[in-house]
Every structure is written in C-alpha cells, then in structure tokens.
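First up is the structure itself, then whatever we jot down about it.
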Amino acid sequence: MSSNTASSSAGSGDSSAARKNSKRPKCIDYSSALLSLTLLDSKFTQQELPACKPILTPGWVISTFLIVSVIFIPLGVISLFASQDVVEIVDRYDNDCIPAPARTNKVAFIQGAAPKSCNRTLTVTKRMKQPIYVYYQLENFYQNHRRYVKSRSDSQLRSPKFENQISACKPEDDAGGKPIVPCGLIAWSLFNGTYTLSRNNTPLAVNKKGIAWKSDKEHKFGNKVFPKNFQKGNLTGGATLNPDIPLSEQEDLIVWMRTAALPTFRKLYGKIETDLENGDTIQVTLQNNYNTYSFSGNKKLVLSTTSWLGGKNDFLGIAYLTVGGICFFLALAFTIMYLVKPRRLGDPSYLSWNRNPGGGR
Amino acid sequence: MSQKEIKDEDARLVYINDAERTNESFDFTGNSIKTAKYSVFTFLPRNLFEQFHRVAYVYFLVIAVLNQLPQLAVFGRGASIMPLAFVLLVSAIKDAYEDFRRHRSDRVENNRLALVFEEGRFREKQWKYIRVGEVVKVVSNQTLPCDMVLLATSDPTGVVYVQTTNLDGESNLKTRYAKQETLQKAADLETFNGFIKCEKPNRNIYGFQANMEIDGRRLSLGPSNIILRGCELKNTEWALGVVVYAGGETKAMLNNSGAPSKRSRLETRMNLEIILLSLFLIALCTTAAATAAVWLRRHRDDLDTILFYRRKDYSERPGGKNHNYYGWGWEIFFTFFMAVIVYQIMIPISLYISMELVRIGQAYFMTRDDQMYDESSNSSFQCRALNINEDLGQIKYLFSDKTGTLTDNKMEFQCACIGGVDYSDWKSADSEHAGYSIEVDGNILKPKMRVRVDPELLELTKNGYATKEAKRANEFFLSLAACNTIVPIVTNTSDPNVKLVDYQGESPDEQALVYAAASYGFLLIERTSGHIVINVRGEMQRYNVLGLHEFDSDRKRMSVILGCPDTSVKLFVKGADSSMFSVMDESYGDVIEETKKQLHAYSSDGLRTLVVGMRKLNDSEFEQWHSSFEAASTALIGRAGLLRKVAGNIETKLRIVGATAIEDKLQRGVPEAIESLRIAGIKVWVLTGDKQETAISIGFSSRLLTRNMRQIVINSNSLDSCRRSLEEANASIESNEESVALIIDGTSLIYVLDNDLEDVLFQVACKCSAVLCCRVAPFQKAGIVALVKNRTSDMTLAIGDGANDVSMIQMADVGVGISGQEGRQAVMASDFAMGQFRFLVPLLLVHGHWNYQRMGYMILYNFYRNAVFVLILFWYVLFTCYTLTTAITEWSSVLYSVIYTSVPTIIIGILDKDLGRRTLLNHPQLYGVGQRGEGYSTTLFWYMMFDTIWQSAAIFFIPLFAYWGSTIDTSSLGDLWTIAAVVVVNLHLAMDIIRWNWITHAAIWGSIVAACICVIVIDVIPSLPGYWAIFEVTSTWMFWFCLLAIVVTSLLPRFAIKYLGEYYRPSDVRIAREAEKLGTFIESQTMETEMNQIGDPPRR
C-alpha cells in the first residue's frame, strides 16, 4: 500500500498517482507520514538536517554596510531634527536663590527657618507649543544609590493591609513605634520645591494632574492608602503629604517614587497647556526648600516641549550619523579593497597543504 | 604461577552445605544485591552530598550563602537561591528516577528462584535468601545466582560448559570442571562435609585461588573450578556447586564499576583563562570597593544629611544610631563582597553544566551515527567516557593493536604444508563445493562453516594410508582435529535430518583448524574430558584423551596425548614455529628445511603460521610421563610450573607433520582508513605480537607501509647493538627528507624501554611516517604509549580489542576499544567503543573535528556572554555613587545565564558543523585545525575580551547618553539594557553560526522572545518597583532607536574584522567551507572514490 509513497522522490509517474488519489477524501496516508517522520529522524540523528550555510562574501558584506548606512544616515538626520525642534528653557537656581550673605553656609540656610521664597524671570526665545512640560532637574543626586532604592515598601503603598511591612524601609520605617506610610528614604526625601508661574504678570496655570504613569496610579499606589505619620520623625526630609488624599492621587509622590536611573535627572512637575510665544517673559515664584547643598547637587527649573523622540538631546542623532558614516566609509573601503585585491572564493589552491606541498605535515 | 598458600587472615572459610557454621563468625554478605544508591530516607542527604562534589555547585553555594548575610544581601532570597535550587532539583529528579529503576530491577533480580539443598532435598528459594556455604543446583540454560565452586555435574567426568556473555561479552562456551574427588561424594549431600578456604572477594574474573578439604584430604582449586554469577549453564543438564561469594561480593557485581573519568585537554587548557577571569573579577570588585571608599571618605561629614544616604536612624533613640553602616573599613569590605555576588557570573560556572549537556548531546549523535554502526556485530558506537569528546579532534599519535583491530580476528585456513610440500592451490577449488557432510544414524552431520579445500590434498587424504604422502596428510588432519580444546556442539536445523556441528572454543585459530580438518573428512563430533570422537570419512573413531598440556605463553605450544583405537599412544603437539623447531627430531632435516622455507613464504603473505608435530610414545615413556603428570596435577604448590615441566619433558624429538597457514583478514576499509588518518597528520603506530614478516606484510596490505618508504629495521639482541642501530637510523634520516618507516621488534624494545635509549627512539620515531612494532608483549604496549605521552604534549589515542591492549588503552589520552572477538575487556577499559577499525575515520575526522570546534567556540562564547553582562553591571556602578545598584532586575540577572542566553549555545554546541561530513572525509588535512589547537587559544581569548569591552560599552553608554538628564527611571533603563544585552549576545552567536537549520533558528529567536516574555512577566508584578516599566518604555521611539543603535554599533567591529580576516587571511576551514558551498572541490577525484568505502556504508 505504501509502494507509491515510498518512492515519493520519483518524478512524474508518482504525481499522476497522486492526482488519482486526490479524488478520494483527504485522509492522510499514515504510512507516508511515518516514512517522512523516520526520514526526518534519520536526517536529525545523522546531523544532516536541511540547513542554510551563509558565508560572508564581499557582496554580502558591502551591501550590508551600504544598507546600514542608508538606514542610519536618514534616521540620524530626523533624530537631529526632532531634537532641534524641542524648545527648552533651563534655569539653575540653587545658588542664586540663596541670599548672598547666607551663601557661605548654604546647608545652615536651607535647614534654617528663614523664608525660602525666590523670584526668577525666564524669557521665551522661541515659540513653544503646548503642552509645555515643567520639570525640576536635580544633578548629582543619586536616586539610584543602593541604600536609597532599597528603602521603600511596595506592598505598603498598594494596600492598607500591608501597612506594617516596613522592614525594608529603614532608617525611616516608623515614628514612635507606629509605621510611617509611605515609609522609606525615597518617600521621606520627596522633593518639596514649588513653582508658581505667571506670564507677563498674568498667572500661568500649571496642570499637576496626569503627570504620573497611569499604571502606577491604578495598580501600584492604592486608593485606600492614606499617608500616616509621614514626616513626623526627628528629621524632616522633604515635602509633607496631605493625610486626607489617598496615595493614588498624590502624583508628585508617585513621580518621585519612580526613582531616576541616572544622577542627573528631571522629574515632571506639571504641564502648561497653552502656547508660549517668542519674547514672553515668565515670572517664577519658587520655594527653594530642597536641600541639595549637603552633597553639592544642582537644582534647575526646566520648561520644555517634547518631540516624538523625547527631549532635547543631540546624542542619538550624532551617533546615528557617525555609525552610518562609518558604515558608508567601510563599504567604500571594502569595495576598493575588493577591486584591488580580490580572492577567488573556495579556491582549493589557497589551502595550506596546497600552498606549500610537503611542508604541510 | 605457583599455588601459594593462602594466609588465614586473607582467606574466607566456607563450610560446604553448612551455611550456619559458615556465617557463624563472619556473617558473609547475603545474595541480595543492591545496585540502587539511595533509600527513601537517605536520598536527600546522600544525593545532595554527591552533587556538591562538583566545584561549580560549591561556588554557587558559597555565593548564595554570602548573599544571605544581611549586610551583603544583594539579591532577594528567592533570586539568589533559585539557580542553584533549580540545578539541584533537576539533577535530583534525574537521580531519583534512575534509582527507582535500579530498585525495580534489583527487586526482580533478588526474587528469582534457585534450587537450594535444604533439609535433605532441593527446594526453591529466592535468590536474595541464598547464603554462602549453601549448595545450589543449577540446570541447563539457567543463570547462576552467585559464585560457586563446582561439586558435581551431570557429566560423569565433571565437565560443565558456561557462557559468560553477561560477564565479559564472550559468546563462546567455556569449560569448567568439578573435582573428581567431589563428584561421587556429592551424590550424598547429607553427609558431605568439608570446607573451602578461598581468597577474599576480588574483581578478577579470570583468577581464583582456593583449597578444599574433604575428609582430611586437601585439594587445590583454580579458576577452572568456579562458576560465576551472571553466567549461563549450557550443554550440561545440571551442576551442583557450593556458594563461596554471594551478592555484592560476586565477581560480576564487583566488576560493575562505572566508566573511567578523564579530563579533556581543552578543559584543562581552559583553566588558565578561568584564572584570568578570576583576576578580572577581583579587579572589578576592587575598583568598586575602592571608588566607594573614596566617596565615603570625601563625604564622611555629610553622610547624616545627604538625602539619599542618611546614615542615622532617629526612630530608635534620640541622636540616632547608625543604620546599616559599620564604619569606613567594613563598608569597603562589604562592598567588595557584594561586588563578588553581583559579578559572580564573570566566572562562567554555568559553562561547566552547559559543557556536560553539550557532551551528552554530542555523544548521542556519535552513538547514533550510521557510519559508525557495525552491522556484522549489530553494535553501535559507545561513548563510555563523557568528558573527552573534544579530545577526539586533537589526536596526533595513534597506537593500534593488529589482531582483531586491524584484522577481523576471523581466522580462515588458507594453506597447509605437509611433509614439506605446499598445498595451497585454490584456483581449482570448486566454489560450488557443497561442503563436507556425513551420515550418522540417519542424520546428516555438517560442519557449520565451510572451508575451501585443495582438491589435490582432498584426493590425497582419501587414499588413506596408501602412500607416504597420504599417510602424512591423514596424520596431519588427525592432529588438527585432535590437538585442541575445541568443544563440538551439535545443533538442529530447520531440516530435521540435517544437524550442524558448531565448534566452540577460546581460540579462533583452533576453530579455523578444526573446521579445516572437518572439511577434509576429519569431523570432531564429541569431546568430554576423557575422550574425543572423530568421524574419519564416515568411520567413528574414539580416542582416549590421556593428557592435555594447555597452551601457555612461555612454551608457545600445546600438546595432547591420545590413546588411539589401535591401542597405541600418540603425542600431538601444535605451536608457534619459533618454539616448535627446537623440539623437532633433527633426522627429518630436509623436511624441516622445506617447511621453514614454506613458512617464510606464508608469513610474507601475512598469514599466521603454526607447526604440527607428533610422536608415538612407547610404554615406558608413557608410564613415566603418566606418573609425573598425575603427581604434578595434584600438587598443591607450584602446580602450573610442574605441569609445564612435565609438558616440556615429553614434548621432544617430534616428527614434523606439517604446518598450517591461517589468514587473519584485514577488516573492511582498513587500508583506506589508515591512509586518510596519515594524511590527517596522525602518526600511526602499529603494535603487534606477530612475527616481523607477518607484521610487515600486514603493514603493506593495510597501507601503513608503502613501496617508496625506506624501511629501518631494528632487530637487536643487546643494548649496545640496539643503541648503535638506533643512532645510525637517527643519523640517516636527518640527511634526507624521504619517508621512512621504522620497524622494531620486542626484543629490541626491552633494551630501549626504561632506558636512556627511549629519547633516541622517540626522535627516530618522530621523523618516521610509520612505526611498526612487532613481537611486542602486552606490558610493552603501555610502555611505548607512555614513551610518547611523556615526551610530547600531543594527544595520543590507543585502539585495541583484547585483554592485552587494556594497559595501552588506559595509558593513552583517549582509549578506544573494539568490541570484537576477543571479549570485552578492552571495551570495559576504554573511553569509546566501536565495532570496526575504519570507524576511527568518521570518529576522529568528522566527530572529533566537530566536537573540538564546537567546544572551543562554546567556551569562548560563554566567557564573552557572561563578561558582557558583568561589564554592563560594572559600568553602572560608576553612575550610582559607587554602590552596587543594578538597574537590571535581580531576576533578570539570575535568568540571564539560565534562560535568556543558555539554550542557543548548548544547541550550537551540539548541532553546528563548520564543514560537512563529506568535505572532512575527503580532505583529512582539515583535521590539522584541532592538532594545531586553532579552535581555542589565548589569542582568541584576548580578541574576545576586547570585543567584550567594546560591546558592553556600546550597550551601556548609548542609552546612558541618550537618556542623560531625562525623566528615565531605573527600571525602564534596566529593561532596555537587559533586552539590548540579550539581543546583542544572541545576534553575536547568530553571526558565528555556520549552519542554520530550524532548530538553530528556534533556539536563537526563541531565546530572544523568551527573554522578552520574562522581562514582561517580571514587569507585570505590582509589588516590584519596575511595575509596567517595559510597556511605558517600549511605547517611546527612543527605546527602539537606542536598541537599533546598540545592536549595530556593538556588532559592527566584530563583523568587519570577521569579514576581513576570513576574506584576506582565510583559514583552511573557511576555504573549504566556501568550496563546499560553491562546489569548487573538483580535484582529488581519485581519493573520493577511495573514501567512498568509508564515507558511504549502506544505510540502516
């Protein structure tokens, strides 16, 4: 019964048989399936599975480099354009916002009770389309310090049930024996600077809603978890929280708790939802509360638009252009080398024992 | 070998049929066996204990324990223990399953039934309850339950036949004897009393020493009086024996040991780089600790106020106490060890486990290879040692036995020289010759194997005793039929009237001779210890066997004394020519001279020769011999020596009858195999016990020697002449570049080995393209291998099939056993076992080459893979205030070398082939890659390491600069780094893959997909800080732009350099690969046809 299937490699006579068979209902001929299975099996055990054996020929390599450069150079150009499109106003205020007499001991000033209010004026040099993001930028602040990143309790943030899971939060775990919610160094050091913006002397609304990840608000920070005993310890770190608002609504905290990967980072403060025109002046009244002075950190206020690629950063565009350029150059060089000194592929006379007969062994 | 008195403290005392008394004071092991290692209770502790014998696991454990210290806790509990627990669990499950199967088979074995003499009759008893001292009855075709000393058998002479297939793989029947003294007594077992004093249990299955004392008489027992567990009783109705060793103390069980363990050269070589990597690891950890120290020192006054450090815990008491800060010195110390934990995979411990898996895979493919499957013996290739697969790719010296290895060890009677006249006229031999057969009692008896006959000689034998020549011819075949230890077994065929006579014996030469005699009408039909029956052309003749002097290697001959039907007593002797001519009667000088001439001609044709002589014994001679033989065979001390002396005394003044020539055919494909091995640059040394002429002629027919080779023959009888000829040889080769073959004999080797001449011999041998050592004793074989092994770092391989090759197989770096005619001892001692010599070619040139290339690449790749990851982690330390934060989640760090990147390297290590089988076989020179160690070297290691630094930098710094000063959070960046590393590392491997089949595709792309799935799974757990990060970050273009830039940038240099190297400085492998793909191998057509014999055996 399997006589015609067994010789399936034979050509035409076989196909006519197959045609005849095809009128029958399409049930699989198990013997042929088995045969092909054993053939596959023997191909496998003999390590003769059908395989593709690519080799790096000059043609392949040169065209690969060309393709890469053809892709990379335009990508680099559009990345650079995207970065150029972003309008960014950066204002470093940590030094200027300390009254001149206090600058000899900034730490004492910032820990003291003196008023911390400070006025800054920014000028818009290029039209900024909404939404304009307001960031505070900290430098030399290691939110990724090992001691710091570990000092949090994710389960406590999620549900009031786990209020007492504070073991990881040391040295900011409890106040007078009662658990702190949210506990840990991260929450404790919550940024407490505030900015009030006005344009040409009219207040400029900064929308502080929707600055945190939706996923964090919905799942990571519980809407039944309320701040407790927060900043009640002997040392106050940063901002306080309104104990009547659940954590899921405390967006500044949520943003802060997404610890930054790098020591220079921005955190979203809010969004301006109107366009800013070229020549507008922005007055900022800020509360310079946050102590970055003990570790010589910087504080900056940033107003920035974004492009589809993110913020203002030329690095990626330049990197793409460089790599694309190198690839183009290599493609060129390899082509010249190939034309000057070609080698016939697979020429047995290049084999070591053919090159110097007798000396081979 | 003298029968030594066994000292009391070394002996065990067995009271026959009195198990109580026997076990009273000693309590010998019962017969229940336990091959299972564990019980339910001991499993956990014992299994863990055994697993932790591996260094890798200990390293894992130490790191995991370090991580449990609160100050050092880098990873969570789960993440730190998981990899170790996983590996332990998998191994434990595997072990438990295997042990379960052993338990089951133990139970089956222990519950088998045997007849044991109890309370006056034989009763069935389960094997496990049999005790030492009991008497057991075994019937035909039953397996023996334990080691027993024979007391009686169904045969009145006390002979019993056993098959030892289970024990040593030999399928022929062996004869064992019950002592005459016990034969009658055993009829009345109740009153049987006596004891056996035997040696302590040992694993030597060919030796046994004991004394038996019955009724005050002492008898000595030897290996021929004991039957061993696992053997089967054949051709004997029943046998009675007393148990001397039971259960785990039987020789069969003691021999059940595992395969030898060796370490591969590559692995040893790799240790150097492991040390380098450890130094890197220490350097990285020191850097981390030192920079952390500097930072802490510079900020020591601010530590309490720095928001992200805050040293003091104020909640405990006013003023606060230090939290997790133990002072500057301790912090450095802790940082260092935390760094060790974080960077632990710098030392690729998982590599050892991957290597084991890869070797198992490679072994599977070697075992399943059709080209190494022997149809004649139905045996496939066996990998007994699992650690040295890749050594097969680096062999430089091959030492081969001849008989059974190069040849089939199937002896075929070819020529006879009777009375100095040569009968070897095969041309007129009738190919349709029906074979000899006779009719006995209405049944037709036929020898099982047909032998071609010389018609002239056949006619001559039919003449009976008419002429002198005819008389001699008859004597000749009578001696062939009589003077041996062959046991004829008559078997039934499909035709009830036709019976086949099958000759079973320990020596294939004897079998060939008896079959030859049968073809000329001298059909041996029956053998007991007392008589033989030979059917001479239809007439039954009964000969009494009065004495038998067995073959020994000192005399190199055997003899039998027969009482003939005409009441005369005749001595027949058969032996090697060197030992026979000295005991011949000189009065037949002309016949001797003629015979010698013929013998020389035979051995020049590569035939094995034996000389047959006989003598009629007169009464006084016989009486004298008989009494001394009796005395010697019952002697307690020095029996073997006495018997030898008795034999030597009687075997004199023989009349020459004739000589035989037996062909030991070369195995199929041997000449081609030797030739391609030689082209592959492997130096082939053949070590044989044969005569020089035989060896040289085999050398020519196996193409070890060729006509254009100059032969240097060293046959010296003294140290000085040996030195002289070696030095002459050494000088003569230096002068020119011709190909030279060295032929040296065993006597010369005695002077060379263990002497300063070894160096000279080595120098000479190195310059020769072939070396042939003849007349070599077994112990010299190992000496020769050691001579080479100790003087060079090149790899040696020894191949052999017999017990005499065991020492050589164990001495060489790689030992290969041929599972052939001479039993299984060589196989038991070997690392690899196969059926035919020619399989060496695919084994070395194909599998060895592949395995070496795969393993070399895999080691390098694993170093690279882990180092890239460690360096990415390390660069981040420079941006986290020198603390050991990892942006990559701890689970990803753990899974990286387990799931994300491990499968492809294992698959590639098993499946990738740099060149096709056909190419490798057609161009044996490609084997040089392994011999020169091109697949793995320190240069390649450093090249890999520089690439590693570049790639890790590209992976790390591109996102770093792209995201600098942005809102990127740790988890998102960590996810980007994780995925980038996995993609780059897998694409790097993909770039080096030579053959892409569906499995490779699945492994590579599957790994990347699996890594992404794992990252996603980790990021959907809300209680981890990185919740949803992967979705947030991948929804930005920035992520994808970074990923693309990383992949291209990191792989660019390697790609360009790889191309330049392969195109402008191509290696042989590369050219061959191009030629294979483009089909430009048009040369060497002739070779291809020759190779076909090796390359294309019929498919199974």
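Keep in mind that glycine also has a Cβ here, set from the backbone N, Cα and C atoms.
Quick look at what TrEMBL annotates:
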type     : residues                                                                                                                                   : note
DOMAIN   : B:14-80                                                                                                                                    : domain 'P-type ATPase N-terminal'
TRANSMEM : B:55-73                                                                                                                                    : transmembrane segment
TRANSMEM : B:79-97                                                                                                                                    : transmembrane segment
TRANSMEM : B:272-296                                                                                                                                  : transmembrane segment
TRANSMEM : B:332-353                                                                                                                                  : transmembrane segment
BINDING  : B:Asp401, B:Thr403, B:Asp801, B:Asp805                                                                                                     : Mg(2+) binding site
BINDING  : B:Asp401, B:Lys402, B:Thr403, B:Glu510, B:Phe551, B:Lys574, B:Arg608, B:Thr688, B:Gly689, B:Asp690, B:Arg775, B:Lys781, B:Asn804, B:Asp805 : ATP binding site
ACT_SITE : B:Asp401                                                                                                                                   : active site, 4-aspartylphosphate intermediate
DOMAIN   : B:827-1067                                                                                                                                 : domain 'P-type ATPase C-terminal'
TRANSMEM : B:863-885                                                                                                                                  : transmembrane segment
TRANSMEM : B:891-911                                                                                                                                  : transmembrane segment
TRANSMEM : B:940-964                                                                                                                                  : transmembrane segment
TRANSMEM : B:976-996                                                                                                                                  : transmembrane segment
TRANSMEM : B:1008-1031                                                                                                                                : transmembrane segment
TRANSMEM : B:1037-1057                                                                                                                                : transmembrane segment
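Features per TrEMBL, on structure.
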residue	record	contacts (Cβ under 8 Å, 6+ apart)
B:Asp401	Mg(2+) binding site	B:Val686, B:Leu687, B:Thr688, B:Lys781, B:Ile799, B:Gly800, B:Asp801, B:Gly802, B:Asn804, B:Asp805, B:Met808
B:Phe551	ATP binding site	B:Ser507, B:Arg557, B:Met558, B:Gly575
B:Arg608	ATP binding site	B:Met411, B:Asp509, B:Ala661, B:Ile662, B:Glu663, B:Asp664, B:Asp690, B:Thr694
B:Gly689	ATP binding site	B:Lys402, B:Thr403, B:Gly746, B:Cys774, B:Arg775, B:Val776, B:Ala777, B:Asn804
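In this entry, B:Asp401, B:Lys402, B:Thr403, B:Glu510, B:Phe551, B:Lys574, B:Arg608, B:Thr688, B:Gly689, B:Asp690, B:Arg775, B:Lys781, B:Asn804, B:Asp805 make up the residues listed for ATP, with the farthest two CA atoms of the set 27 Å from each other. Scoring each of the binding-site residues (B:Thr403, B:Asn804) by how many neighbouring Cβ atoms lie within 10 Å, the top position goes to B:Thr403.
For the domain 'P-type ATPase N-terminal' (B:14-80), the model's pLDDT averages out at 81.
Remark: secondary structure over the domain 'P-type ATPase N-terminal' (B:14-80) totals 38 helix, 2 strand, 27 coil, with classes taken from DSSP. If you look at the transmembrane segment (B:55-73), the same-chain residues 6 or more away from its ends with a CB under 8 A from one of its CBs are 80-81, 83-84, 87-88, 324, 326, 334, 337-338, 340-341, 344, 347, 349-350, 352-353. Summarising the environment of B:Arg775 (ATP binding site), the number of other Cβ atoms within 10 Å of its Cβ, over all protein chains shown, is 21. Here the transmembrane segment (B:272-296) has long-range neighbours at 303, 328, 331-333, 335-337, 339-340, 343, 346-348, 859, 863, 867, 870, 874, 877-878, 881-884, 938, 941, meaning same-chain residues at least 6 beyond its ends whose C-beta is under 8 angstroms from one of its own.
According to DSSP, B:Gly689 (ATP binding site) is assigned to coil rather than to any helix or strand. In the three-state DSSP classification, B:Asp401 (Mg(2+) binding site) falls within a strand. Around the Cβ of B:Asp805 (Mg(2+) binding site), a 10 Å sphere holds 31 further Cβ atoms from the protein chains shown. Secondary structure at B:Phe551 (ATP binding site), as computed by DSSP, is coil. Residue density at B:Asp801 (Mg(2+) binding site): 31 other Cβ atoms are found within 10 A of its Cβ, drawing on all protein chains shown.
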